[in-house]
Amino acid sequence: MCNLHNGEGAQNLQEGQCEVTAETSQPVGFVQEKQLGDHEKTLKAHKEGKPQKLLEMNGHTPVPHAYDYDLIVIGGGSGGLAAAKEAARYEKKVMVLDFVTPTPLGNSWGLGGTCVNVGCIPKKLMHQAALLGQALQDSRKYGWQFTEEVKHNWMTMTESVQNYIGSLNWGYRVALREKNVTYENAYGEFVGPHTVKATNKRGVEKLYTAERFLIATGERPRYLDIPGDKEYCISSDDLFSLPYCPGKTLVVGASYVALECAGFLAGLGLDVTVMVRSILLRGFDQDIANKIGEYMEEHGINFIREFVPIKVEQIEEGTPGRLRVTAKSTKGNQIIEGEYNTVLLAIGRDACTRKIGLDKVGVKINEKTGKIPVNDEEQTNVPYIYAVGDILQDKLELTPVAIQAGRLLVQRLYGGATSKCDYVNVPTTVFTPLEYGACGYSEEAAVEKFGEENIEVYHSNFWPLEWTVPSRDNNKCYAKIICNIQDNERVIGFHVLGPNAGEVTQGFAAAIKCGITKEQLDNTIGIHPVCAEIFTTLSVTKRSGENILQAGC
Amino acid sequence: MAALWRRRLLGVSGLCRTVRALSGKNEYDLLIIGGGSGGLACAKEAAQFGRQVAVLDYVEPSPQGTKWGLGGTCVNVGCIPKKLMHQAALLGSALKDAQHYGWNIAQPVHHTWSVMAQAVQNYVKSLNWGHRVQLQDKKVKYFNMKGSFSDLHTVRGLTKAGKETIVTAENIVIATGGRPKYPMHIAGALEYGITSDDLFWLKESPGKTLVVGASYVSLECAGFLTGIGLDTTVMMRSIPLRGFDQQMASLVTEHMESYGTKFLKRCFPTKVEKLESNRLKVTWKNTDLGTEETDSFDTVMWAVGRAPDTETLNLEAVGVKTNSETGKIIVDASEATSVPHIYAVGDITEGRPELTPTAIAAGKLLAQRLFGQSSELMDYDNVPTTVFTPLEYGCVGLSEEAAVQCYGSDNIEMVCLREREQRILGLHFIGPNAGEVIQGFALGIKCGATYPQLMKTVGIHPTCAEEITKLHITKRSGLDATVTGC
């Protein structure tokens, strides 16, 4: 997973880490709170027929064999594949149906879903490309000498990113085969109880039945529904494999997808404008969201606020061509026009639930959002149909959450486990130029839930040591924790804005899971000199209004 | 009546200070000898309680004549410059990576030592200045003098020019730290060799370098020297990173070897001579082959350990006890030495981790106990640390060896877990940004995190840290821990 650098370091780095890490997580198996042991033991027990007995004891009936499969998973993304592979470990007969409907511009991709193909993986690699651009500038200050002009080649980057993705697609295929999971590159839709129709690229249809189903079809980018959007605009589904440099780009939207893409495009040296309807990063801590926006603006990204596009026209065809965008103020009748080479829409994502025959089997969806409500065991209103991942209503749209939910679901279904996916205190990171890691409540949400007087916010700016020599971005990085005064100053929100924010946040997320308090945080010894140590010395409360600029060591 | 009594007591103590000042005795509430991380933290904390505080700091030039400003080892010849030079090396790899990410960098790419050294030294000097300003702001008296005890409350300060000042204080804290050791028995070692005290202040590139020792200082320095393109060799007599988890230690050195650092294992130097070319000829013994070998280097750096800086303190005069073997000062849980009003913090104390953040925390807590009516003691358990080798290594808690020793091998699950409640005893991580990764987990371990809790934590994708939430292969199982794909 850490094999993100295609450089010469990657191989050995990975070899090093391989000693301590592993791909698939199969935690401990539980049967009615009684621990069976680690997964090896669970598997052993399974082979000896123990889970079967335990399942029967739990009131389940033995698996009937009238269906083609024990489990059919619709959607081969992070959640679906994790669940499928897990089920195969319990020697279940499993099928995965995965089909990528091409984008309006005709792009499609391989097995693995959004994260691998058009999400986390390519975006973090391109973010890394942008960070390396910054590293080039820094490196001169650290004594490295090379020619003045260094240009970025979009195709070199895109090809290596796509090659890496290709290797992951292949890896998934192999993993499914090794685990005897049947994979069909076909579009799955329900046609009747316990029955799906699979339609492949050539239009050949097949019917399959299964005892249980898992819907994991994920989401796809939303379009504006204005003249020219589908003809001329691209989405994140197109960007990462774009066969030419996008040039001067307008990014429409203020989602994390919008800001991440705008960030790395600008980092690669492109002229980038972000058009925002209202606020940045809705749902995230707004204090932080604004700091992210400020930083991006300071680093050359233009923002057009409170405007929405109403028309996109092509001025000239080409790779890239030239587009004219007409936009209207959200506050009045003001109309503006702008010329760009590329318009990237990142205004949100819609669940792929309306064309998979859910009405045929009676699975309820939220008509407005298209999302599927499930109970705390990922079960839909139709008992034999489950759902995980981005299509769930009121759950988090994150790869590791989908994976965890999928695995735990299967362990409950086939392994006699009782552990449920915990959607609370899930950490996440936004890979904007200044990365943002968070876990728990945003300041707004904490104020709303506990009341302003009952929360204490500790915060500080910091200056990463590595940035001192190039003498850049002093006091831009920021650390904030939110504590519940009523509960012994328990930490209920963690926010960090700075390099490697994801790496920093992960461990604190584990600690928050253990219910850490401010006092325990203060009693933890820092690691010197790293950014994360700032969290062990936070002493200024936001309420006090005291100075948080860092001077010296 | 009670109120009156209290007032009178206050009056008395106020009077005492005046008397002391008048008689020229105990002019300070607290005197700190040594202006490093621990000493300065203690001084500044004490000053916040409105106490009269003084700091004596003096840098004895290294045998090669290198000296530096206020702030101690960490700032001047430790963490700060080493991490910056480590960063310079990482940027060297970034330049290589960048080409795969589409950046067209025309070859050749060169590294110029003097540019890096100047930038690092300028930053260090800004920190020295910052410390001076902070002391001034907090009204802490600073003497650039070497201190030695003349009696229980009196310290004699000596300036570089030999001018003497007598300072008296109620409480005294010794925080003079440690300095690199020289292998005095090796001919030419002192004359021709340098240490980490000199390396970071070199104006010109050290060139082809031999680093002797297997400490983290040795491996870190050899790592970044290799990374900036220098021909670098590490000579070690026995195991690398003694005291650290040995499996991790060998991963670190294997990675270094594959990136071009040469290792002379189970070898020890016997003499260093200067050639006419000004290069240094080093002779060593290879204990595997029983042979004697030689090679010539531009620089020989000793990284064979550090010794406490206690010699010139005249501790015998006041009866502060030291460990006769290590020379370190023996302290109790409250950092008090064998003399109750004399304390010691930082690298000079016996049995304590030699880390900046522990010295800072210990110094602050000490000041709070002395002047702030606190009784909180420093907790030295589960202190996280990071070794900034090319492949960084972060850890907290017990090493596998130590865990086996404490709990028996039957009770240890993997590197880090004890069975039953599966409380995490130690966590070890090798990879980029290891320090950033381990810090949060250190907190979790401090709170008694268990393996199931760790597993319940959702990962952040795609980061390296998420691997820790996915650890499931026990070492005992012998399963392959290689990651395939995503």
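For all residues, glycine too, the Cβ spot is worked out from N, Cα and C.
Going by TrEMBL, these are the annotated features:
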- A:HIS528: active site, proton acceptor (ACT_SITE)
- A:LYS124, A:GLY188, A:ASP390: FAD binding site (BINDING)
- A:CYS115-A:CYS120: disulfide bond (DISULFID)
- A:69-406: domain 'FAD/NAD(P)-binding' (DOMAIN)
- A:426-537: domain 'Pyridine nucleotide-disulphide oxidoreductase dimerisation' (DOMAIN)
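Proximity to chain B, taken as a Cβ less than 8 Å from one of its Cβ atoms, holds for A:CYS115 among the recorded positions A:CYS115, A:GLY188, A:ASP390. Here the candidates are the recorded positions A:CYS115, A:CYS120, A:HIS528. The one whose C-alpha lies nearest to that of A:ASP390 (FAD binding site) is A:CYS115.
Taken together, the residues of the domain 'Pyridine nucleotide-disulphide oxidoreductase dimerisation' (A:426-537) have an average pLDDT of 95. Broken down by DSSP into helix, strand and coil, the domain 'Pyridine nucleotide-disulphide oxidoreductase dimerisation' (A:426-537) contains 42 helix, 33 strand, 37 coil. Of the residues the record lists as binding FAD, namely A:LYS124, A:GLY188, A:ASP390, the two whose Cα atoms sit farthest apart are 30 Å from each other.
When the Cα atoms are compared, the residue listed as 'active site, proton acceptor' and A:LYS124 (FAD binding site) turn out to be 27 Å apart. Residue density at A:CYS120 (disulfide bond): 23 other Cβ atoms are found within 10 A of its Cβ, drawing on all protein chains shown.
Annotation for A:GLY188 (FAD binding site): spatial neighbours A:ILE72, A:ILE74, A:GLY75, A:LEU97, A:PHE99, A:VAL196, A:LYS197, A:ALA198, A:ILE356, criterion Cβ-Cβ under 8 Å with sequence separation of six or more.
Counting in whole angstrom, A:CYS115 (disulfide bond) lies 10 from A:LYS124 (FAD binding site) by their C-alpha atoms. If you draw a 10 Å sphere around the CB of A:CYS115 (disulfide bond), it holds 26 other CB atoms from the protein chains shown. Taking all protein chains in view, 21 other C-beta atoms sit within 10 angstroms of the C-beta of A:LYS124 (FAD binding site).
For A:HIS528 (active site, proton acceptor), other Cβ atoms within 10 Å of its Cβ number 23. Secondary structure at A:GLY188 (FAD binding site), as computed by DSSP, is strand.
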